[in-house]
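Asker: Marked as transmembrane segment by Swiss-Prot on the basis of sequence analysis: 32-52, 53-73, 93-113, 120-140, 153-173, 180-200, 226-246, 249-269, 295-315.
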Amino acid sequence: MSLVEKNTASEDAFALSEATARDYLVLLKPRVMSLVVFTGLVGLVLAPGHMNPVLAVISILCIAVGAGASGALNMWYDADIDAVMKRTRKRPIPAGIIAPNQVLAFGLTLSAFSVMTLGLMVNWLAAALLAFTIFFYAVIYTMWLKRSTPQNIVIGGAAGAFPPMIGWAAATGEITWDSLVLFMIIFLWTPPHFWALSLFTTNDYEAARIPMMPNVKGELSTRRQALFYAVLMAPVGVLPWVMGFAGMFYGVVSTLLGLAFVYYAWRLWAADSQLQMLAAARKLFRFSLLYLAGIFAVLLFEALTFKLLAAFGVF
């Protein structure tokens, strides 16, 4: 059975209701999109030189649309497991609001539009990175890794790490070591973030037969690996300051937040009861969001401040 047949064969089973603009917005996974747009914006602003403001806005919009397209394609393919999991069963396809083939067409149209617009209006390197990101998330992660290996988040996390590289490439037309460091921060952040989530949503993933780390390797192994990636991530998070494309303020904030991240991961690893483990997993999950938002916010603040002062001739 082809991929299209997989999700259209049972389409008659959906008692479709009239879809609204809000329902199509849900397909774009707006929460995920907001993080993608934010990190892409940081990459664009942090990049050296000055970019035409109109092209900058176009770049960010294309990154947002591309991210939304990935989300729609993910929901199209994952409609069967979304119907099983508590936190996803109200999404438009399992809820019977939008037909699978309409979601597929929506996702493919947005994908083509975002990539072609970015290429024609900005540059083709950024467009190629955006196209690869959409492909990696929708095909490599969603259709293959997610259902086949407990390392799905580790490898698949690359999809969420590309946006700052896309923003950087849009501004400079280049891939540099600096942009690769931004990629690595998010790449190493992803496993402990999602494994913390999976530790207190294990039943959901098990019901959907998704091989998340706790379901396959057990909770102790998951906690150990979350700590391992946190320890790897913390020093990488300081590299923007070490390499000279972030300031001292960022260096201090990233160091403190990195140490706190390791502490929360250690608390999770050291938990000696199920109740303590679940509490520690929730704390790590919440703090991981604060960590990523915090360090990228500081990067953005420093970059905007420096460019504003430079515009007034201070530097």
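Here the Cβ of each residue, glycine as well, is placed from N, Cα and C on the backbone.
Let's see these features in context: how buried, what's close, how far.
Answerer: Listed as Cβ neighbours of the transmembrane segment (32-52) (distance under 8 Å, sequence separation of 6 or more from its ends, same chain) are residues 59-60, 63-64, 67-68, 71, 160, 163-168, 170-172, 178-179, 182, 186, 245-246, 292-293, 296, 299-300, 303-304, 307.
Distant neighbours of the transmembrane segment (53-73): 27-30, 32-33, 36-37, 40-41, 44, 103-104, 106-111, 113-115, 117-118, 121-122, 126-127, 130, 133-134, 137-138, 142, 159, 163, 166-167, 170-171; these residues of the same chain sit at least 6 beyond its ends, with a Cβ under 8 Å from one of its Cβ atoms.
Within its own chain, the transmembrane segment (120-140) is flanked in space by residues 55, 58-59, 62-63, 66, 69-70, 73-74, 77, 107, 111, 114, 155-156, 158-160, 162-163, 165-167, 169-170, 173-175, which lie at least six positions past its ends and keep a Cβ under 8 Å from the stretch.
If you look at the transmembrane segment (153-173), the same-chain residues 6 or more away from its ends with a CB under 8 A from one of its CBs are 32, 35-37, 39-49, 51, 55-56, 59-60, 63, 67, 70, 118, 122-123, 125-126, 129-130, 132-133, 136-137, 140-141, 145-146, 179-180, 182-187, 190-191, 194-195, 212-213.
Counting same-chain residues at least six beyond the ends of the transmembrane segment (180-200), those with a Cβ under 8 angstroms from any Cβ of the stretch are 39, 42-43, 46, 153-154, 157-158, 160-162, 164-165, 168, 212-215, 219, 222-223, 225-227, 229-230, 232-233, 236-237, 239-240, 243, 261, 265, 268, 277-278, 281-282, 284-285, 288-289, 291-292, 295.
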